[in-house]
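Database features, via TrEMBL:
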- 186-199: compositional bias 'Polar residues' (COMPBIAS)
- 200-213: compositional bias 'Basic and acidic residues' (COMPBIAS)
- 222-245: compositional bias 'Basic and acidic residues' (COMPBIAS)
- 262-360: domain 'CS' (DOMAIN)
- 186-251: region 'Disordered' (REGION)
Amino acid sequence: MVRISEDLIRRRAEHNNGEIFSLEEVSLHQQDIERIEHIDKWCRDLKILYLQNNLIPKIGNVKQTFLNISVGTQLNACLQKLDLTVNFVGKLSSVESLKQNVLLRELYLVGNPCTEFHGYRQYVVSCLPQLQWLDGKEIRRGERIQALQELDAVRRHVLEQEAEYLEKREEQKISGLKETTEKLLSENQNGTHQNPESSSKAHTEDKEKEFWEKPCPFTPESRLEAHRHLEDKRRAKEKEREKPKTKTPRTLITADGRVLNINEPKLDFSLTEDENNCMRLEIHVYRHMDTSLLDVDVQPTYVRVTVKGKVFQLVLPAEVTPDSSTAQRSQTTGHLLLILPLAHGEIKPKKPIARPTSVTSKHNIKKGTRAAPGRELLEVDPGLAGSLANIVPKGKESSHKPLQLSQPHQCCVVEERPVSKDFVDDPEVPPLM
């Protein structure tokens, strides 16, 4: 049972900035309310109250000028408009109790069983002389005069139909109670003999589909049964939410000791080497996340960073020294930078050394200069550099003369001659050597 509380009314008064003392309109529909209380004390200026689709058996403590309700049996004398659309009003003679509502101008009974009675409109018009509108249709003076003239005959006929309806309702109550009892017994038997493993999600869906597709008469019992079904379903969902979720722990290191690469927070990262024999791991952590939510664990072969409970683990390509490692957080981007000094290894040069394209001496080879792939180098003794002509074997004539080392030329003095005035320099003629 849901009770009307001050907190409930304040939450439904958002349009009035949460103030309830000056509230003039409030909607409390579909709240499973069974009793109207405290509203007349908390909301003294209330004029419009919506209570559709609730479980209210009677109306009390209400003195508003407009009332729109779902189920009502008792009314106050200050109403101007009453809406009882789609309810179970079958006792049409109960509308005579509205004669005390001298301010009542509009009445809606559409969708109720009483509207199917023969003479329904004439009976209501004649019983409520203050009424001006019935079911959205204006009551004219000629219609009211004719209804008053036929009131006795119409009332007798309405009372006969009302008695028949009440008898039918008694039968519906008995049959509904019988069906409910049988259903409860069958559910208890199924719950005792049913295997827990057989109750699966598919079975629940089939049961839900069968409940809503089963034909049933439109009675208060069927409506209450649907309400109880929805309430049980809501409670079952709440119990499932309250159960602690057992999350399967993620495997970080396999049974054979192999470390896995894991990126649960799905963060971007980069791993590079610098000139100081260190590896730099930059993780793009969220910019506005607090640093206390980060947990860094550096091991010789891998790095593990926990971000809000989610694990980021990366296997390193080389062994590092955890004791000398540092972690920094960027104040602009929020990225996490880990500087990991290498435990072993050499620095790889960034600029490659030019490879030789000619004969290389032993001296250059000893210094570590490597030959170009696919090319053979000839080693020559520096003392034999002047006798390269002996490489050609004797006895074989060749059109080419043997190589001879030339002596350096002595510089000669060139005398400058005066240039003639008629001399013209032709750019196509090469200069004299």
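Heads up, the Cβ atoms here are built off N, Cα and C, so glycines get one too.
In TrEMBL, annotation is done automatically, which means it is predicted and not curated.
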Tally of helix, strand and coil residues over the domain 'CS' (262-360) according to DSSP?
6 helix, 42 strand, 51 coil
Residues in the compositional bias 'Basic and acidic residues' (200-213) grouped by DSSP into helix, strand and remaining coil:
13 helix, 0 strand, 1 coil
For the compositional bias 'Basic and acidic residues' (222-245), jot down how many residues DSSP puts in helix, in strand and in coil.
21 helix, 0 strand, 3 coil
